[in-house]
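This report refers to the structure that appears directly beneath it.
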Number of protein chains: 2
Amino acid sequence: MDRVYNFSAGPATLPEEVLQRAREEMLDWHGSGMSVMEMSHRSKWFEEIIKQAEADLRELMNIPSNYKVLFLQGGAWTQFAMVPLNLMKKGKADYVNSGYWSKKAIGEARKFGKVNVVASSEDANFSYIPELYPETFSKDADYFYITTNNTIYGTRYTKLPDTGNVPLVADMSSNILSEVYDVTKFGLIFAGAQKNMGPAGVVVVIVREDLIAEVNPEVPTMLQYKVHAENNSLFNTPPCYSIYVCGLVFQWLKKLGGVPEMQKINEEKAKILYDFIDNSNMFKGTAKKEDRSLMNVTFITGNKDLDAKFVKEAEEHGLVNLKGHRSVGGMRASIYNAMPVEGVKKLVEFMKEFEARNKIEV
Amino acid sequence: MDRVYNFSAGPATLPEEVLQRAREEMLDWHGSGMSVMEMSHRSKWFEEIIKQAEADLRELMNIPSNYKVLFLQGGAWTQFAMVPLNLMKKGKADYVNSGYWSKKAIGEARKFGKVNVVASSEDANFSYIPELYPETFSKDADYFYITTNNTIYGTRYTKLPDTGNVPLVADMSSNILSEVYDVTKFGLIFAGAQKNMGPAGVVVVIVREDLIAEVNPEVPTMLQYKVHAENNSLFNTPPCYSIYVCGLVFQWLKKLGGVPEMQKINEEKAKILYDFIDNSNMFKGTAKKEDRSLMNVTFITGNKDLDAKFVKEAEEHGLVNLKGHRSVGGMRASIYNAMPVEGVKKLVEFMKEFEARNKIEV
C-alpha cells in the first residue's frame, strides 16, 4: 500500500493513526462483538462514544458549560438555513461577504429575514478579508455572521470583529481546531467535519444555550437546535460512525498536545510553504499576505498551462489534489491538521525541483 | 474476535463480508492511496462509488428511468418534513396511522398543510395494519402516505392500497430491499439506511421526477428534492463513507441473487421464528398474524420478569439487542437482510432451551 499526500480541500486527509484504529475496530469495537456501524444509537456503547467525543471537543476548545455541543447532519448548507430559522427573532442579521460560502449563507438567510451585508471583498475576487467598521454594524441585529477561514481563496480573519451585544456567528468549517479561539466570543460556531474533524456527514454546532431557548414551532423539527440540544444529539439516529471517527480525531489531537500545539505545527507548515512561495520566481500567492490562511494555501504561476503541468506532475509524485478552485485557478494546497509537516516539505521540494526544471518556460 | 448475533432494530447488523471489505480498503481504496473518507466528493473515485451504488440500487429494485434516486442526510425525520414541503401543492394529504413513525410523520406534515388520517390501528396499540377503504380516500390529496413496515410493532402491509391517481408515498426504512416491490406503484419511497442498507447518516429517496419539478423557493435549499436531483446528490458534500458502505451492501445483495432471493431467505427466517413462537407454550407473538413483519418479530412471555431474564440470558449467549420497544414490551428480534439464517436458528434453539428450563415459572 502506498499512501499519498492528499491536499484535498475537503473531504480531506485524516491522521493515518486514526484510520488504522478504525480499521482495527471495524468488526468488533472494544469487545462488543459488533462494528460501531451496527450499534444502536441508544446502546451503552454508542452513548459512551458520543459522550467521550463531546467531552474531548469541550476540552480541546475549552467550551464553557453554558454552550451546547451538537452533532448534526446536513453540513454547512443546512446551517445556512438553521442559523436564521433559529436565531433571527427580530428578523435581521449582519453578514460579511468574504467568499463563496459567505455568499451562499447570505442568499439562504434572505429567505428568512433581512440581511445587511456590512462588508465585502468581492471586488477583488475575495483575495482579502474586508476591513470592518463597528459603526456600520446594525445595533438591532439578531446576530453578526462571518466565515473564519475561506477555503477557496486562502484567507482567514486574524482578528475577530467586536460586535458588542450582538452574538457573533461563525462558519468555522475549514479551520476549527486549527488555532486557538475563545469560544466565549461567539454566540454560535458551526463546522462541517470533513476538513479538520472526520468524515463528511456530520456538522458540529457549538451554541450558547440562551440563544436557542425559544423556537418557532412551525420550523421543521429537524431544523430546531432546541430539539437536538434537549436530546443531546440523539433526537433521531445520528450519523454514528462519522461521530465515532471524529472522536478518534479528537483523541489524536489531545495526545498531540491539543489546539495550542496544533496551531504551532500549522504555523510551521504554513510558513514553510509561504516562505518558499514568497522567494520563488515562479510561484505567487493569491491572497493578501496579512489575511493568509493557515489551512488553504493558494498560489499560481501566472501561466495556465504551467499550472496544469504542475498539478499533473505533482500527482505523479504522490502529491495529489493540488488543483485550485475554478474561481481562483492555479493551485491550492490544503494543509489541514492531519497533513504532516513532512507532506508540506515534500511539496516544497517538488515545487523547487519543478521551478528549476521549468525555468525557461516562465 | 467473537462476533455476536445482533438483533438490533437499527442501526443494525451488517453483512460480515461488507465489514471485512471496508476494513481492507480503509487506508487505500483501489490503489487511490487514500481512504474513501478522505476523498473529495468531486473526485473521479467518489463519482465512481456513488454512480455504482445508484446503478446497483436501480438494478436491485428495478427502478424506472423516470424516477430519481437520491442519497440525502437527516434520516426519516427530515423526510417527514421534506415530503409535505415538496409534494403538498394543493395543501392536503392522506395518511395511515399504523404506528409510532406514521404518527410522527403526521405531526410533522400538519405544520405544512391539511392531513387527513384515513385509518388508524392505534386502538390496539398498532398490533395490526388497518383495513383501507378507497371510498374514504381524499380524491384531491397531493399524496397518500404509508409506512410499509412498522419496526416497533412488527407489522407490515401485505398489499398496497390502490390510490388511483394520488401518488403513494412510503416510508420503507425498515423493509426496503427485503421483499420485491413494484416501484411504479409509488410516487416516492424513502428509507433510512441503517436497517437494510448501511450505516446511519444516509437516507435514500426514490421519487418520480414529475412530482418534484416545481418547488416553493422559500423552502430551505437543502430540503428541496429538486436541488438534490439536479445535482445527482452532489449539491453539497454528501455522507460519502456511508454511501460507500451502502454500495458494498448492494453488491453483496446482488451477488446473493438480488431481492427475490433475499425475500425467500427472509421468509424462511421469519417462518422459523414464527413457527416456533406459534407452537411454544411460553412465547406469544404480539402482532396480528396476517400482518406480521418479515423484519421485526415481536413476542412476549406474558411475564415481565421472565422477559427480562430471557433478554439477559440471551445476551450472555451472544444473542444481543432482543429487548422490545418500551411501548410494546417483551422482546423484538430484528432479522434484517444481514441477519444470517444461522442467527435465527441459534435464537430459536436458545428459546427452546430457555422454555424447557423455565417451565415451572410460567
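A Cβ is built for glycine as well, from the same backbone N, Cα and C atoms used for every other residue.
The L-glutamate binding site annotation in TrEMBL covers B:Arg42. The pyridoxal 5'-phosphate binding site annotation in TrEMBL covers B:Trp101, B:Thr151, B:Asp171, B:Gln194, B:Asn236, B:Thr237. Residues annotated as domain 'Aminotransferase class V' in TrEMBL: B:4-347. Residues or ranges marked as N6-(pyridoxal phosphate)lysine by TrEMBL: B:Lys195.
Ranking the binding-site residues B:Arg42, B:Trp101, B:Asn236, B:Thr237 by the distance of their Cα atoms from the Cα of B:Lys195 (N6-(pyridoxal phosphate)lysine) places B:Trp101 first. Those recorded positions from B:Trp101, B:Thr151, B:Asp171, B:Lys195, B:Asn236 lying by chain A, with Cβ under 8 Å from one of its Cβ atoms, are B:Asn236.
If you draw a 10 Å sphere around the CB of B:Thr151 (pyridoxal 5'-phosphate binding site), it holds 25 other CB atoms from the protein chains shown. Ranked by how many other Cβ atoms sit within 10 Å of their Cβ, the recorded positions B:Arg42, B:Lys195 place B:Arg42 at the bottom. Here the CA atom of B:Thr237 (pyridoxal 5'-phosphate binding site) lies 9 Å from the CA atom of B:Arg42 (L-glutamate binding site). Looking at the domain 'Aminotransferase class V' (B:4-347) alone, the prediction's average pLDDT is 97. The binding-site residues B:Trp101, B:Asp171, B:Gln194, B:Asn236, B:Thr237 differ in how many other CB atoms lie within 10 Å of their CB, and the one with the most is B:Gln194. Across the residues the record lists as binding pyridoxal 5'-phosphate (B:Trp101, B:Thr151, B:Asp171, B:Gln194, B:Asn236, B:Thr237), the two Cα atoms farthest apart are 31 Å from each other. Annotation note: B:Trp101 (pyridoxal 5'-phosphate binding site) sits in a helical segment as assigned by DSSP.
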